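**Q** Okay, here's the structure, questions in a sec.
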Amino acid sequence: MKVNSKTLQSVKEDLLNIEQTLNKLIKVNNPILSAAAKHLLIVESKKIRPAIVLLVAKAIDKNKKIKTSQQRLAEVTEIIHTATLLHDDVVDESIIRRGTKSVNKTFGNKIAVFAGDFLFAQSSWYLANINNLEVVKAISKVITDLAEGELQQNLTQFNTYYSIIKYLEKSFNKTASLIAASCKSCCLLSDFDQSLNSKFYNYGKNLGLAFQIIDDILDITSSSTALGKMTTSDLKLGNLTAPVLFALTKNSKLFKIIEREFCEKSDISEAINIIKETNAIEESFDLAYEHIEAAINSIKDLPTSSEKDSLIEIAYDLLNRYK
């Protein structure tokens, strides 16, 4: 998830602190496991998920203060996200992540799985030490959602009767749940109006759904270099995303290509051409835009602040990834 660096200006120093802290938090005696666990954490990235948590913390505090527990929540969010990437790359046999070799490509599948498990365990430890039961419940549910989402995806590969509703349910579990719960948990850790919980939960939920839809568009339309990971990987695996599902309603030939599981050499390129020739990409973008609008509307009544503006800008930056 990429955003304009100016959008994160108000939490720039806080993010630098988090990057330094993350390296210290991941403690393990085995050097191979340590290197594998830190492989993606230390790769330069926007760290947008922890940035969102920090922006929420400042947006709801008139003194613009970030509590220690909120910073730790931001760190836990990034650790969980990284753990999911390690496991996803093993399942999807990915070789590139964040513009570098994936952990499974560098260290092998077993080490990648162990490293992902280790990061989940570390996140649970640090989460428990935040010492807030409601936050523990919210983030623990995320880990359940992540597993369920991955299973939903793998059990529906090449299923041409898969619906947009089911796709959004899966996308919530795999992507949006973590952002939604982190935003809500940041409010739970504040000393301010708890009625904001649902507003920020809905912001995170819709932002996460929009991100996944845009990411799925780019999997069809972008390059591996621009995206920082292999493109058309979901399509090849039979993971039917929004552009594919919309295209299926307009071209019966795509049904046949998918149902034979791309067994012919030209099937992938032909499927991509069909998707691009329909207005499936545009329909997918419109769906993402609906969720962006819903995210922004969730927080539009907040008091004016640079942090609120940044949260809104992050939403629009997602759309600019496609444009």
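Even glycines carry a Cβ here, placed using N, Cα and C.
These numbers come from a predicted model, not from an experiment.
Found this in Swiss-Prot, in case it helps:
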BINDING   Lys46, Arg49, His81, Arg98  isopentenyl diphosphate binding site
BINDING   Asp88, Asp92  Mg(2+) 2 binding site
BINDING   Asp88, Asp92  Mg(2+) 1 binding site
BINDING   Arg97, Lys174, Thr175, Gln212  all-trans-polyprenyl diphosphate binding site
**Q** Which number gives the other C-beta atoms within 10 angstroms of the C-beta of Thr175 (all-trans-polyprenyl diphosphate binding site), all protein chains shown included?
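**A** The answer is 25.
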**Q** For Arg97 (all-trans-polyprenyl diphosphate binding site), what is the secondary structure by DSSP, using just helix, strand and coil?
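**A** Note: Arg97 (all-trans-polyprenyl diphosphate binding site) is in a strand by DSSP.
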**Q** Rounded to an integer, what is the Cα-Cα distance in Å between Thr175 (all-trans-polyprenyl diphosphate binding site) and Asp92 (Mg(2+) 2 binding site)?
**A** 16
**Q** Please state whether DSSP places Lys46 (isopentenyl diphosphate binding site) in a helix, a strand or coil.
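**A** Assignment for Lys46 (isopentenyl diphosphate binding site) reads coil.
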**Q** Around His81 (isopentenyl diphosphate binding site), how many other C-beta atoms are within 10 angstroms of its C-beta?
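**A** By my count, 24.
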**Q** Measuring Cα to Cα, tell me the gap between Arg98 (isopentenyl diphosphate binding site) and Asp92 (Mg(2+) 2 binding site) in whole angstrom.
**A** 15
**Q** Within 10 Å of the Cβ of Arg98 (isopentenyl diphosphate binding site), how many other Cβ atoms can be counted across all chains shown?
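**A** Other Cβ atoms within 10 Å of Arg98 (isopentenyl diphosphate binding site): 15.
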**Q** Can you figure out which of Lys46, Arg49, His81, Lys174, Gln212 (the binding-site residues) comes closest in space to Asp92 (Mg(2+) 2 binding site), comparing Cα atoms?
**A** Lys174
**Q** Can you tell which of Asp88, Arg97 has the most other C-beta atoms within 10 Å, given these are the binding-site residues?
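**A** Buried the deepest by this measure is Arg97.
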**Q** For the C-alpha pair, I'd like the distance in angstrom between Gln212 (all-trans-polyprenyl diphosphate binding site) and Lys46 (isopentenyl diphosphate binding site), rounded off.
**A** 17
**Q** Which number gives the other C-beta atoms within 10 angstroms of the C-beta of Arg49 (isopentenyl diphosphate binding site), all protein chains shown included?
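**A** 22, counting other Cβ atoms within 10 Å of Arg49 (isopentenyl diphosphate binding site).
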**Q** Per residue, counting other C-beta atoms within 10 angstroms of the C-beta, which of the binding-site residues Lys46, Lys174 reaches the highest number?
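**A** The residue with the densest Cβ neighbourhood is Lys174.
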**Q** On the Cα atoms of Arg97, Lys174, Thr175, Gln212, which are listed as binding all-trans-polyprenyl diphosphate, what is the maximum pairwise distance in Å?
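**A** The all-trans-polyprenyl diphosphate-binding residues span at most 17 Å between Cα atoms.
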